[in-house]
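Trainee: For SER13, ASP146, ILE147, GLU148, LYS186, THR187, LYS188, PRO189, THR190, GLN191, LYS222, the entry in Swiss-Prot reads CTP binding site. Feature annotation from Swiss-Prot assigns UTP binding site to SER13, LYS186, THR187, LYS188, PRO189, THR190, GLN191, LYS222. As annotated by Swiss-Prot, ATP binding site applies to SER14, LEU15, GLY16, LYS17, GLY18, ILE19, ASP71. Taken from Swiss-Prot, the feature L-glutamine binding site applies to TYR54, GLY354, PHE382, GLY383, MET384, GLN385, GLU405, ARG470, supported by sequence analysis. As annotated by Swiss-Prot, Mg(2+) binding site applies to ASP71, GLU139, with the evidence given as sequence analysis. Residues annotated as domain 'Glutamine amidotransferase type-1' in Swiss-Prot, with sequence analysis given as evidence: 291-542. What Swiss-Prot records for CYS381 is active site, nucleophile, and it gives sequence analysis as the kind of evidence. Here Swiss-Prot flags HIS515, GLU517 as active site.
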Amino acid sequence: MTRFVFITGGVVSSLGKGIASAALAALLQARGYRVRLRKLDPYLNVDPGTMSPYQHGEVFVTDDGAETDLDLGHYERFTGVHATRADNATTGQIYSDVIARERRGDYLGATVQVIPHITDAIKEAVVAGTEDLDFVLVEIGGTVGDIESLPFLEAIRQLRNDLGAGQTMFVHLTLLPWIPSAGELKTKPTQHSVKELQNVGIQAQMLLCRSDRPIPDTERRKIANFCNVRPEAVIAALDVDTIYACPVSYHAEGMDTEVLRHFGLPHDQEPDLSAWNRVLDAMRHPEGEVRIAVVGKYTALLDAYKSLIEALQHGGIANRVRVKLDWVEAEIFEKSETAIEALRDAHAILVPGGFGERGSEGKIQAVRFAREHNIPFLGICFGMQMAVIECARNLAGLPDASSTEFGPTEEPLVGLMTEWARGNELLRRREGGEMGGTMRLGAYAAKLAEGSRVAEIYGKTEIRERHRHRYEVNVHYREVLEKAGLQFSGMSPDDILPEVVEYPNHPWFVAVQYHPELLSKPFDPHPLFSGFVGAAVKKMRLV
(Lines of atoms letter the chains of each structure in order from A and count residues from 1; the text may use other names and numbers.)
(Lines give C-alpha, C1' and ligand atoms only; values in the text may rest on other atoms or scores of the structure.)
Protein backbone atom coordinates (compact mmCIF):
# COMPACT_ATOMS: atom_id res chain seq x y z
CA MET A 1 0.00 0.00 0.00
CA THR A 2 1.34 3.41 -1.00
CA ARG A 3 1.09 6.10 1.66
CA PHE A 4 1.01 9.80 0.78
CA VAL A 5 2.49 12.55 2.95
CA PHE A 6 1.57 16.09 1.88
CA ILE A 7 3.85 18.92 3.04
CA THR A 8 2.45 22.45 3.08
CA GLY A 9 3.94 25.71 4.34
CA GLY A 10 2.60 28.72 6.16
CA VAL A 11 3.41 32.11 7.75
CA VAL A 12 6.22 33.02 5.31
CA SER A 13 7.87 31.54 2.24
CA SER A 14 11.39 30.07 2.07
CA LEU A 15 11.06 28.15 5.33
CA GLY A 16 12.55 25.05 3.77
CA LYS A 17 9.68 22.77 2.74
CA GLY A 18 11.92 21.16 0.14
CA ILE A 19 14.66 20.35 2.64
CA ALA A 20 12.11 19.14 5.20
CA SER A 21 10.48 16.87 2.62
CA ALA A 22 13.84 15.50 1.49
CA ALA A 23 14.99 14.93 5.07
CA LEU A 24 11.83 13.01 5.96
CA ALA A 25 12.19 10.91 2.81
CA ALA A 26 15.81 10.16 3.75
CA LEU A 27 14.71 9.04 7.22
CA LEU A 28 12.03 6.74 5.83
CA GLN A 29 14.52 5.40 3.31
CA ALA A 30 17.00 4.74 6.13
CA ARG A 31 14.34 2.49 7.65
CA GLY A 32 14.12 0.45 4.47
CA TYR A 33 11.08 2.01 2.84
CA ARG A 34 10.81 2.78 -0.88
CA VAL A 35 10.21 6.50 -1.31
CA ARG A 36 9.62 9.11 -3.99
CA LEU A 37 9.22 12.87 -3.73
CA ARG A 38 7.04 15.13 -5.84
CA LYS A 39 6.58 18.88 -6.10
CA LEU A 40 3.43 20.78 -7.07
CA ASP A 41 4.27 24.33 -8.17
CA PRO A 42 1.43 26.88 -8.32
CA TYR A 43 2.88 29.17 -11.00
CA LEU A 44 1.34 29.44 -14.46
CA ASN A 45 4.58 28.77 -16.33
CA VAL A 46 4.57 25.33 -17.93
CA ASP A 47 8.04 24.79 -16.49
CA PRO A 48 10.82 27.04 -15.15
CA GLY A 49 12.93 26.58 -18.29
CA THR A 50 12.31 30.08 -19.65
CA MET A 51 12.18 31.84 -16.28
CA SER A 52 14.96 34.23 -15.27
CA PRO A 53 17.51 32.77 -12.82
CA TYR A 54 16.90 35.89 -10.73
CA GLN A 55 13.19 35.00 -10.55
CA HIS A 56 13.33 31.28 -10.00
CA GLY A 57 16.88 30.27 -9.22
CA GLU A 58 18.32 27.11 -10.68
CA VAL A 59 16.48 24.94 -13.18
CA PHE A 60 17.08 21.32 -12.21
CA VAL A 61 17.19 18.90 -15.16
CA THR A 62 16.17 15.26 -14.80
CA ASP A 63 17.44 12.25 -16.73
CA ASP A 64 14.39 12.32 -18.97
CA GLY A 65 14.94 15.97 -19.89
CA ALA A 66 12.42 17.74 -17.69
CA GLU A 67 13.24 21.29 -16.56
CA THR A 68 12.04 21.34 -12.97
CA ASP A 69 12.12 23.16 -9.66
CA LEU A 70 15.40 23.27 -7.75
CA ASP A 71 13.78 21.36 -4.87
CA LEU A 72 13.97 18.23 -7.01
CA GLY A 73 17.73 18.60 -6.73
CA HIS A 74 17.42 18.38 -2.95
CA TYR A 75 15.20 15.34 -3.34
CA GLU A 76 17.82 13.54 -5.42
CA ARG A 77 20.75 14.57 -3.24
CA PHE A 78 19.07 13.38 -0.04
CA THR A 79 17.66 10.09 -1.33
CA GLY A 80 19.68 9.13 -4.40
CA VAL A 81 16.37 8.47 -6.19
CA HIS A 82 16.42 10.00 -9.67
CA ALA A 83 13.44 12.23 -10.33
CA THR A 84 11.45 12.24 -13.56
CA ARG A 85 9.22 14.75 -15.31
CA ALA A 86 6.27 13.12 -13.51
CA ASP A 87 7.64 14.38 -10.19
CA ASN A 88 7.07 18.09 -10.86
CA ALA A 89 3.69 19.50 -11.89
CA THR A 90 2.90 23.18 -12.36
CA THR A 91 -0.36 25.05 -12.71
CA GLY A 92 0.69 25.76 -16.29
CA GLN A 93 1.11 22.06 -17.05
CA ILE A 94 -2.17 21.12 -15.42
CA TYR A 95 -4.17 23.81 -17.22
CA SER A 96 -2.47 23.02 -20.55
CA ASP A 97 -3.38 19.35 -20.13
CA VAL A 98 -7.00 20.09 -19.24
CA ILE A 99 -7.41 22.56 -22.12
CA ALA A 100 -5.90 20.02 -24.54
CA ARG A 101 -8.39 17.41 -23.32
CA GLU A 102 -11.25 19.85 -23.78
CA ARG A 103 -10.14 20.60 -27.34
CA ARG A 104 -10.04 16.88 -28.12
CA GLY A 105 -13.57 16.51 -26.81
CA ASP A 106 -12.59 14.28 -23.90
CA TYR A 107 -15.12 16.00 -21.64
CA LEU A 108 -18.01 15.32 -24.01
CA GLY A 109 -19.28 18.87 -24.05
CA ALA A 110 -19.25 19.40 -20.29
CA THR A 111 -18.50 22.82 -18.83
CA VAL A 112 -14.83 22.60 -17.83
CA GLN A 113 -14.24 23.95 -14.32
CA VAL A 114 -11.57 24.12 -11.64
CA ILE A 115 -13.61 21.58 -9.69
CA PRO A 116 -13.69 18.79 -10.78
CA HIS A 117 -11.55 18.98 -13.91
CA ILE A 118 -8.46 20.85 -12.69
CA THR A 119 -8.47 19.11 -9.32
CA ASP A 120 -8.91 15.71 -10.97
CA ALA A 121 -5.89 16.39 -13.20
CA ILE A 122 -3.85 17.34 -10.13
CA LYS A 123 -4.88 14.15 -8.35
CA GLU A 124 -3.89 12.10 -11.40
CA ALA A 125 -0.47 13.77 -11.40
CA VAL A 126 0.03 12.98 -7.71
CA VAL A 127 -0.82 9.27 -7.82
CA ALA A 128 0.45 8.31 -11.29
CA GLY A 129 3.15 5.64 -11.25
CA THR A 130 3.28 5.23 -7.47
CA GLU A 131 1.95 1.68 -7.18
CA ASP A 132 5.27 0.06 -6.19
CA LEU A 133 6.24 2.60 -3.52
CA ASP A 134 5.82 2.63 0.24
CA PHE A 135 5.77 6.42 0.63
CA VAL A 136 5.20 9.34 -1.72
CA LEU A 137 6.00 12.73 -0.23
CA VAL A 138 4.32 15.61 -2.04
CA GLU A 139 5.47 19.18 -1.43
CA ILE A 140 2.93 21.90 -2.21
CA GLY A 141 4.71 25.04 -3.39
CA GLY A 142 3.86 28.48 -2.10
CA THR A 143 2.31 29.47 1.21
CA VAL A 144 -1.13 28.61 2.59
CA GLY A 145 -3.37 31.59 1.88
CA ASP A 146 -1.93 32.23 -1.60
CA ILE A 147 -4.72 32.26 -4.16
CA GLU A 148 -2.54 30.33 -6.61
CA SER A 149 -2.32 27.32 -4.27
CA LEU A 150 -6.06 26.82 -3.77
CA PRO A 151 -6.64 24.21 -6.53
CA PHE A 152 -3.73 22.13 -5.23
CA LEU A 153 -4.96 22.30 -1.64
CA GLU A 154 -8.45 21.31 -2.75
CA ALA A 155 -7.01 18.39 -4.72
CA ILE A 156 -5.05 16.99 -1.78
CA ARG A 157 -8.07 17.49 0.48
CA GLN A 158 -10.05 15.34 -1.93
CA LEU A 159 -7.26 12.76 -2.06
CA ARG A 160 -7.59 12.20 1.67
CA ASN A 161 -11.24 11.30 1.09
CA ASP A 162 -10.42 9.19 -1.97
CA LEU A 163 -7.56 7.23 -0.38
CA GLY A 164 -8.65 7.26 3.24
CA ALA A 165 -7.08 8.58 6.43
CA GLY A 166 -4.93 5.46 6.72
CA GLN A 167 -3.11 6.27 3.49
CA THR A 168 -2.61 10.02 3.87
CA MET A 169 -0.97 12.48 6.23
CA PHE A 170 -0.67 16.27 6.23
CA VAL A 171 2.49 17.93 7.54
CA HIS A 172 2.47 21.71 7.91
CA LEU A 173 5.69 23.73 8.13
CA THR A 174 5.42 27.00 10.06
CA LEU A 175 7.59 29.62 11.73
CA LEU A 176 7.99 30.20 15.46
CA PRO A 177 9.61 33.65 15.65
CA TRP A 178 11.63 34.66 18.72
CA ILE A 179 10.73 38.14 19.95
CA PRO A 180 13.72 39.47 21.95
CA SER A 181 11.74 42.21 23.70
CA ALA A 182 9.26 39.63 25.00
CA GLY A 183 11.88 36.97 25.57
CA GLU A 184 9.72 34.21 24.11
CA LEU A 185 8.76 32.25 21.03
CA LYS A 186 5.49 33.44 19.53
CA THR A 187 2.97 30.76 18.56
CA LYS A 188 0.24 33.00 17.17
CA PRO A 189 1.54 32.96 13.54
CA THR A 190 1.48 29.16 13.64
CA GLN A 191 -2.05 29.13 15.06
CA HIS A 192 -3.29 31.45 12.33
CA SER A 193 -1.55 29.44 9.61
CA VAL A 194 -3.15 26.21 10.80
CA LYS A 195 -6.56 27.95 10.92
CA GLU A 196 -6.02 29.07 7.32
CA LEU A 197 -5.34 25.46 6.36
CA GLN A 198 -8.43 24.30 8.24
CA ASN A 199 -10.50 26.85 6.32
CA VAL A 200 -9.84 24.89 3.12
CA GLY A 201 -10.77 21.63 4.80
CA ILE A 202 -7.34 20.30 5.76
CA GLN A 203 -6.32 19.32 9.29
CA ALA A 204 -2.58 18.86 9.72
CA GLN A 205 -1.52 15.76 11.65
CA MET A 206 2.00 17.09 12.23
CA LEU A 207 3.45 20.58 12.65
CA LEU A 208 7.06 21.20 11.74
CA CYS A 209 8.02 24.43 13.50
CA ARG A 210 11.05 26.35 12.25
CA SER A 211 12.89 27.93 15.15
CA ASP A 212 16.36 29.08 16.11
CA ARG A 213 16.01 27.57 19.60
CA PRO A 214 14.35 24.56 21.27
CA ILE A 215 10.60 24.73 21.87
CA PRO A 216 9.71 24.64 25.59
CA ASP A 217 7.24 21.94 26.58
CA THR A 218 4.73 24.59 27.64
CA GLU A 219 4.77 26.13 24.16
CA ARG A 220 4.65 22.71 22.53
CA ARG A 221 1.52 21.80 24.48
CA LYS A 222 -0.01 25.19 23.70
CA ILE A 223 0.54 24.71 19.97
CA ALA A 224 -0.88 21.19 20.13
CA ASN A 225 -3.96 22.38 22.00
CA PHE A 226 -4.78 25.29 19.69
CA CYS A 227 -3.89 23.46 16.47
CA ASN A 228 -5.59 20.15 17.23
CA VAL A 229 -2.53 17.87 17.02
CA ARG A 230 -0.75 15.58 19.47
CA PRO A 231 2.08 17.24 21.47
CA GLU A 232 4.45 14.59 20.08
CA ALA A 233 3.49 15.75 16.59
CA VAL A 234 4.78 19.27 17.22
CA ILE A 235 8.29 18.88 15.81
CA ALA A 236 11.02 21.48 16.25
CA ALA A 237 12.79 22.18 12.97
CA LEU A 238 15.82 23.80 14.54
CA ASP A 239 18.38 25.83 12.63
CA VAL A 240 21.42 23.69 11.83
CA ASP A 241 24.93 24.38 10.53
CA THR A 242 24.32 22.48 7.27
CA ILE A 243 21.24 21.17 5.50
CA TYR A 244 22.77 17.70 5.66
CA ALA A 245 22.25 17.75 9.43
CA CYS A 246 18.47 17.87 8.95
CA PRO A 247 17.85 14.10 8.78
CA VAL A 248 19.78 13.52 12.01
CA SER A 249 18.20 16.57 13.69
CA TYR A 250 14.65 15.67 12.65
CA HIS A 251 15.12 12.09 13.81
CA ALA A 252 16.27 13.34 17.20
CA GLU A 253 13.00 15.31 17.36
CA GLY A 254 10.99 12.19 16.55
CA MET A 255 9.69 13.23 13.14
CA ASP A 256 10.01 9.87 11.39
CA THR A 257 8.76 8.01 14.46
CA GLU A 258 5.60 10.11 14.53
CA VAL A 259 4.98 9.55 10.82
CA LEU A 260 5.25 5.78 11.24
CA ARG A 261 3.00 5.91 14.31
CA HIS A 262 0.39 7.81 12.30
CA PHE A 263 0.33 5.07 9.67
CA GLY A 264 0.34 2.27 12.24
CA LEU A 265 3.77 1.02 11.19
CA PRO A 266 6.53 -0.39 13.45
CA HIS A 267 8.81 2.36 14.74
CA ASP A 268 10.93 0.75 17.45
CA GLN A 269 13.96 0.01 15.26
CA GLU A 270 16.41 2.86 14.72
CA PRO A 271 17.08 4.04 11.14
CA ASP A 272 20.53 3.52 9.66
CA LEU A 273 21.96 7.06 9.62
CA SER A 274 25.61 6.00 9.37
CA ALA A 275 26.06 7.57 5.91
CA TRP A 276 24.69 10.89 7.16
CA ASN A 277 26.92 10.78 10.23
CA ARG A 278 29.98 10.21 8.03
CA VAL A 279 29.01 13.21 5.91
CA LEU A 280 28.59 15.40 8.99
CA ASP A 281 31.88 14.23 10.47
CA ALA A 282 33.75 15.20 7.28
CA MET A 283 32.03 18.60 7.16
CA ARG A 284 32.50 19.43 10.84
CA HIS A 285 36.10 18.24 11.14
CA PRO A 286 37.85 19.44 7.97
CA GLU A 287 41.60 19.08 7.59
CA GLY A 288 42.04 22.34 5.72
CA GLU A 289 40.31 24.97 3.61
CA VAL A 290 40.47 25.70 -0.10
CA ARG A 291 39.34 28.88 -1.84
CA ILE A 292 37.58 28.41 -5.15
CA ALA A 293 36.72 31.41 -7.31
CA VAL A 294 33.42 31.00 -9.15
CA VAL A 295 33.25 33.42 -12.08
CA GLY A 296 29.55 33.71 -12.85
CA LYS A 297 26.91 36.06 -14.16
CA TYR A 298 24.00 35.43 -11.76
CA THR A 299 25.94 35.91 -8.54
CA ALA A 300 23.32 38.30 -7.13
CA LEU A 301 21.12 35.24 -6.48
CA LEU A 302 23.13 32.20 -5.42
CA ASP A 303 20.07 29.94 -5.77
CA ALA A 304 20.84 30.13 -9.50
CA TYR A 305 23.84 27.90 -8.71
CA LYS A 306 22.25 25.70 -6.03
CA SER A 307 23.37 22.29 -7.34
CA LEU A 308 26.82 23.65 -8.14
CA ILE A 309 27.28 24.96 -4.61
CA GLU A 310 26.22 21.63 -3.16
CA ALA A 311 28.44 19.63 -5.53
CA LEU A 312 31.48 21.69 -4.50
CA GLN A 313 30.64 20.96 -0.87
CA HIS A 314 30.46 17.28 -1.79
CA GLY A 315 33.94 17.58 -3.28
CA GLY A 316 35.05 19.05 0.03
CA ILE A 317 33.50 16.11 1.89
CA ALA A 318 35.40 13.67 -0.34
CA ASN A 319 38.68 15.46 0.42
CA ARG A 320 37.84 16.34 4.05
CA VAL A 321 38.37 20.05 3.48
CA ARG A 322 36.16 23.11 3.85
CA VAL A 323 35.38 24.73 0.50
CA LYS A 324 35.20 28.52 0.62
CA LEU A 325 33.59 30.02 -2.46
CA ASP A 326 34.62 33.45 -3.70
CA TRP A 327 31.87 34.70 -6.00
CA VAL A 328 33.12 36.93 -8.80
CA GLU A 329 30.86 38.72 -11.27
CA ALA A 330 32.41 38.12 -14.70
CA GLU A 331 31.68 41.63 -15.94
CA ILE A 332 34.15 43.24 -13.53
CA PHE A 333 37.01 41.83 -15.61
CA GLU A 334 35.64 43.67 -18.65
CA LYS A 335 35.58 47.00 -16.79
CA SER A 336 39.02 46.92 -15.18
CA GLU A 337 42.31 45.52 -16.46
CA THR A 338 43.60 44.87 -12.94
CA ALA A 339 40.46 43.18 -11.61
CA ILE A 340 41.65 39.81 -12.92
CA GLU A 341 44.34 39.83 -10.24
CA ALA A 342 41.59 38.98 -7.76
CA LEU A 343 41.88 35.40 -9.03
CA ARG A 344 45.56 35.10 -8.10
CA ASP A 345 44.83 33.95 -4.54
CA ALA A 346 42.35 31.28 -5.61
CA HIS A 347 43.33 27.64 -5.25
CA ALA A 348 41.03 26.82 -8.18
CA ILE A 349 38.77 28.62 -10.67
CA LEU A 350 35.36 27.50 -11.90
CA VAL A 351 33.37 29.02 -14.75
CA PRO A 352 29.77 27.72 -14.58
CA GLY A 353 26.93 27.64 -17.07
CA GLY A 354 24.93 30.60 -18.29
CA PHE A 355 23.17 32.12 -21.27
CA GLY A 356 23.79 35.23 -23.34
CA GLU A 357 26.69 37.51 -24.19
CA ARG A 358 26.79 39.47 -20.93
CA GLY A 359 29.92 38.63 -19.00
CA SER A 360 31.30 36.31 -21.69
CA GLU A 361 34.51 38.29 -22.24
CA GLY A 362 35.12 38.33 -18.50
CA LYS A 363 34.73 34.57 -18.37
CA ILE A 364 37.17 34.19 -21.25
CA GLN A 365 39.69 36.28 -19.30
CA ALA A 366 39.20 34.03 -16.27
CA VAL A 367 39.85 30.95 -18.42
CA ARG A 368 43.06 32.47 -19.76
CA PHE A 369 44.23 33.40 -16.28
CA ALA A 370 43.71 29.84 -15.03
CA ARG A 371 45.49 28.38 -18.05
CA GLU A 372 48.48 30.71 -17.94
CA HIS A 373 48.96 30.56 -14.16
CA ASN A 374 48.51 26.79 -13.81
CA ILE A 375 45.50 27.18 -11.52
CA PRO A 376 43.12 24.18 -11.45
CA PHE A 377 40.16 24.96 -13.68
CA LEU A 378 36.72 23.46 -14.23
CA GLY A 379 34.43 24.80 -16.94
CA ILE A 380 30.79 23.74 -17.09
CA CYS A 381 28.52 24.10 -20.15
CA PHE A 382 28.95 27.78 -21.09
CA GLY A 383 32.27 27.57 -19.25
CA MET A 384 33.49 24.92 -21.69
CA GLN A 385 32.41 27.04 -24.64
CA MET A 386 34.38 30.00 -23.28
CA ALA A 387 37.41 27.75 -22.74
CA VAL A 388 37.29 26.65 -26.37
CA ILE A 389 36.96 30.23 -27.61
CA GLU A 390 39.89 31.31 -25.40
CA CYS A 391 42.06 28.58 -26.88
CA ALA A 392 41.06 29.51 -30.42
CA ARG A 393 41.84 33.19 -29.91
CA ASN A 394 45.06 32.97 -27.94
CA LEU A 395 46.65 29.67 -28.98
CA ALA A 396 45.19 28.66 -32.35
CA GLY A 397 45.53 31.98 -34.16
CA LEU A 398 41.80 32.65 -34.57
CA PRO A 399 41.34 36.12 -33.03
CA ASP A 400 37.77 36.41 -34.35
CA ALA A 401 36.61 33.19 -32.69
CA SER A 402 33.25 33.60 -31.01
CA SER A 403 29.81 32.09 -30.52
CA THR A 404 26.84 32.67 -32.80
CA GLU A 405 24.87 33.15 -29.58
CA PHE A 406 26.49 36.59 -29.42
CA GLY A 407 25.89 37.50 -33.08
CA PRO A 408 27.31 36.79 -36.55
CA THR A 409 30.97 35.71 -36.58
CA GLU A 410 33.55 34.63 -39.15
CA GLU A 411 34.81 31.89 -36.81
CA PRO A 412 31.79 30.16 -35.19
CA LEU A 413 33.60 28.07 -32.59
CA VAL A 414 30.25 27.69 -30.84
CA GLY A 415 26.83 27.63 -32.46
CA LEU A 416 23.50 25.93 -32.77
CA MET A 417 24.00 22.46 -34.16
CA THR A 418 21.55 23.43 -36.90
CA GLU A 419 24.06 26.04 -38.06
CA TRP A 420 26.97 23.69 -38.70
CA ALA A 421 25.36 20.26 -39.08
CA ARG A 422 22.21 21.17 -40.96
CA GLY A 423 20.36 18.15 -42.19
CA ASN A 424 22.04 15.75 -39.78
CA GLU A 425 19.64 13.05 -38.68
CA LEU A 426 20.50 13.64 -35.01
CA LEU A 427 19.19 17.20 -34.93
CA ARG A 428 16.82 17.71 -32.03
CA ARG A 429 16.02 21.42 -32.26
CA ARG A 430 13.75 23.66 -34.23
CA GLU A 431 15.09 26.79 -35.90
CA GLY A 432 13.17 29.80 -34.64
CA GLY A 433 9.89 29.05 -32.97
CA GLU A 434 9.36 29.07 -29.25
CA MET A 435 12.25 29.14 -26.79
CA GLY A 436 10.77 26.38 -24.64
CA GLY A 437 11.75 22.89 -25.78
CA THR A 438 14.62 23.98 -28.08
CA MET A 439 17.53 22.72 -25.99
CA ARG A 440 19.49 19.54 -25.58
CA LEU A 441 18.00 18.33 -22.32
CA GLY A 442 18.43 15.28 -20.13
CA ALA A 443 20.93 12.46 -19.82
CA TYR A 444 23.10 11.54 -22.80
CA ALA A 445 25.92 9.05 -23.21
CA ALA A 446 29.49 10.12 -23.92
CA LYS A 447 32.75 8.30 -24.53
CA LEU A 448 36.05 9.37 -22.99
CA ALA A 449 39.49 9.02 -24.57
CA GLU A 450 41.65 6.24 -23.17
CA GLY A 451 44.47 7.64 -21.05
CA SER A 452 42.92 11.10 -20.75
CA ARG A 453 42.72 12.91 -17.43
CA VAL A 454 38.93 12.83 -17.48
CA ALA A 455 38.90 9.06 -18.06
CA GLU A 456 41.25 8.70 -15.10
CA ILE A 457 38.95 10.88 -12.98
CA TYR A 458 35.88 8.79 -13.83
CA GLY A 459 37.71 5.48 -13.78
CA LYS A 460 35.93 4.48 -16.99
CA THR A 461 35.52 5.54 -20.61
CA GLU A 462 31.74 5.41 -20.97
CA ILE A 463 29.61 7.88 -19.01
CA ARG A 464 26.11 9.32 -18.98
CA GLU A 465 25.56 12.93 -17.93
CA ARG A 466 22.78 15.51 -17.93
CA HIS A 467 22.67 18.41 -20.38
CA ARG A 468 20.92 21.75 -20.62
CA HIS A 469 22.17 23.91 -23.47
CA ARG A 470 21.14 25.30 -26.80
CA TYR A 471 24.61 25.83 -28.27
CA GLU A 472 27.41 23.34 -29.01
CA VAL A 473 31.14 23.49 -29.65
CA ASN A 474 31.72 23.22 -33.40
CA VAL A 475 33.44 19.89 -34.01
CA HIS A 476 34.84 21.18 -37.31
CA TYR A 477 37.44 23.14 -35.32
CA ARG A 478 38.67 20.08 -33.44
CA GLU A 479 41.84 19.55 -35.49
CA VAL A 480 43.09 23.13 -35.24
CA LEU A 481 42.37 23.30 -31.51
CA GLU A 482 44.07 19.98 -30.77
CA LYS A 483 47.14 21.19 -32.64
CA ALA A 484 47.09 24.17 -30.25
CA GLY A 485 47.18 21.79 -27.28
CA LEU A 486 43.51 21.42 -26.31
CA GLN A 487 42.52 17.75 -26.27
CA PHE A 488 38.95 16.75 -27.12
CA SER A 489 38.89 13.98 -24.54
CA GLY A 490 35.14 13.34 -24.50
CA MET A 491 32.74 13.03 -27.42
CA SER A 492 29.20 11.88 -28.07
CA PRO A 493 29.08 8.23 -29.20
CA ASP A 494 28.71 9.35 -32.85
CA ASP A 495 31.73 11.72 -32.63
CA ILE A 496 29.57 14.71 -33.60
CA LEU A 497 29.27 16.59 -30.31
CA PRO A 498 32.29 17.53 -28.16
CA GLU A 499 31.57 16.74 -24.50
CA VAL A 500 34.91 17.26 -22.71
CA VAL A 501 38.09 19.20 -23.42
CA GLU A 502 41.29 19.34 -21.37
CA TYR A 503 44.90 20.50 -21.47
CA PRO A 504 47.10 17.43 -20.86
CA ASN A 505 50.08 19.62 -19.90
CA HIS A 506 48.16 21.70 -17.35
CA PRO A 507 48.08 20.59 -13.67
CA TRP A 508 44.27 20.24 -13.84
CA PHE A 509 42.21 21.85 -16.60
CA VAL A 510 38.94 20.18 -17.56
CA ALA A 511 35.85 21.66 -19.21
CA VAL A 512 32.61 19.78 -19.88
CA GLN A 513 29.53 20.57 -21.95
CA TYR A 514 27.19 18.84 -19.51
CA HIS A 515 26.21 19.60 -15.90
CA PRO A 516 27.96 17.14 -13.56
CA GLU A 517 26.64 19.00 -10.50
CA LEU A 518 23.18 17.58 -11.17
CA LEU A 519 24.32 14.04 -10.31
CA SER A 520 26.41 14.72 -7.22
CA LYS A 521 25.31 13.45 -3.79
CA PRO A 522 26.77 14.18 -0.33
CA PHE A 523 27.42 10.47 0.26
CA ASP A 524 28.45 9.89 -3.39
CA PRO A 525 30.31 13.00 -4.63
CA HIS A 526 30.63 13.36 -8.39
CA PRO A 527 34.16 12.36 -9.47
CA LEU A 528 34.73 15.63 -11.32
CA PHE A 529 34.10 17.64 -8.17
CA SER A 530 36.12 15.26 -6.02
CA GLY A 531 38.99 15.61 -8.48
CA PHE A 532 38.61 19.37 -8.87
CA VAL A 533 38.62 20.03 -5.12
CA GLY A 534 41.49 17.54 -4.78
CA ALA A 535 43.48 19.59 -7.30
CA ALA A 536 42.66 22.73 -5.30
CA VAL A 537 44.01 21.00 -2.18
CA LYS A 538 47.29 20.29 -3.96
CA LYS A 539 47.47 23.91 -5.10
CA MET A 540 46.72 25.10 -1.55
CA ARG A 541 49.59 23.04 -0.14
CA LEU A 542 51.99 24.45 -2.73
CA VAL A 543 51.17 28.07 -1.85
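Backbone N, Cα and C atoms are what each Cβ position is placed from, and that goes for glycine too.
Any idea what these are sitting next to in the structure?
Mentor: Counting every protein chain shown, the Cβ of PRO189 (UTP binding site) has 15 other Cβ atoms within 10 Å.
DSSP assigns GLY18 (ATP binding site) to a helix.
Within the same chain, the residues at least 6 positions away from GLY383 (L-glutamine binding site) whose Cβ sits under 8 Å from its Cβ are LEU350, VAL351, PRO352, GLY353, LYS363, VAL367, ALA511, listed in sequence order.
Taking Cβ-Cβ distances under 8 Å and a sequence separation of 6 or more, the neighbours of ASP71 (ATP binding site) in its chain are LYS17, GLY18, SER21, ALA22, LYS39, PHE60, GLU139. Under the DSSP three-state reduction, ASP71 (ATP binding site) is assigned to helix.
If you take the C-beta of CYS381 (active site, nucleophile) and look for same-chain residues 6 or more apart in sequence within under 8 angstroms, you find PRO352, GLY353, GLY354, HIS467, ARG468, HIS469, VAL512, GLN513, TYR514, HIS515.
If you draw a 10 Å sphere around the CB of HIS515 (active site), it holds 23 other CB atoms from the protein chains shown. When secondary structure is read from DSSP and collapsed to three states, HIS515 (active site) falls in the coil class.
Counting every protein chain shown, 27 other Cβ atoms lie within 10 Å of the Cβ of GLU517 (active site).
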Trainee: For the ATP site (SER14, LEU15, GLY16, LYS17, GLY18, ILE19, ASP71), what does the 8 A shell look like? I mean other same-chain residues with CB within 8 A of the CB centroid.
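Mentor: Along the chain, the qualifying residues are GLY9, ALA20, SER21, HIS74, GLU139, LEU173.
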Trainee: Given the binding-site residues LEU15, ILE19, ILE147, MET384, which one is most crowded in terms of C-beta atoms within 10 angstroms?
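Mentor: Result for the most crowded candidate: MET384.
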Trainee: Take every residue in the domain 'Glutamine amidotransferase type-1' (291-542), average their pLDDT values, and give the whole-number result.
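Mentor: Average per-residue pLDDT within the domain 'Glutamine amidotransferase type-1' (291-542): 90.
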Trainee: In terms of DSSP three-state secondary structure, what is the assignment for THR187 (UTP binding site)?
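Mentor: Note: THR187 (UTP binding site) is coil by DSSP, not helix or strand.
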Trainee: Quick check for the class: what is the C-alpha distance, in angstrom and rounded, between SER13 (CTP binding site) and PRO189 (UTP binding site)?
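Mentor: Taking the Cα atoms only, SER13 (CTP binding site) lies 13 Å from PRO189 (UTP binding site).
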Trainee: Using C-alpha positions only, work out which of the binding-site residues LEU15, GLY16, ILE19, MET384, GLU405 is nearest to LYS188 (CTP binding site).
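Mentor: Nearest listed residue in space: LEU15.
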Trainee: Please state whether DSSP places PHE382 (L-glutamine binding site) in a helix, a strand or coil.
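Mentor: It is helical.
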Trainee: When you rank ILE147, PHE382, GLU517 by Cα distance to ILE19 (ATP binding site), which of the recorded positions ends up on top as the closest?
Mentor: GLU517
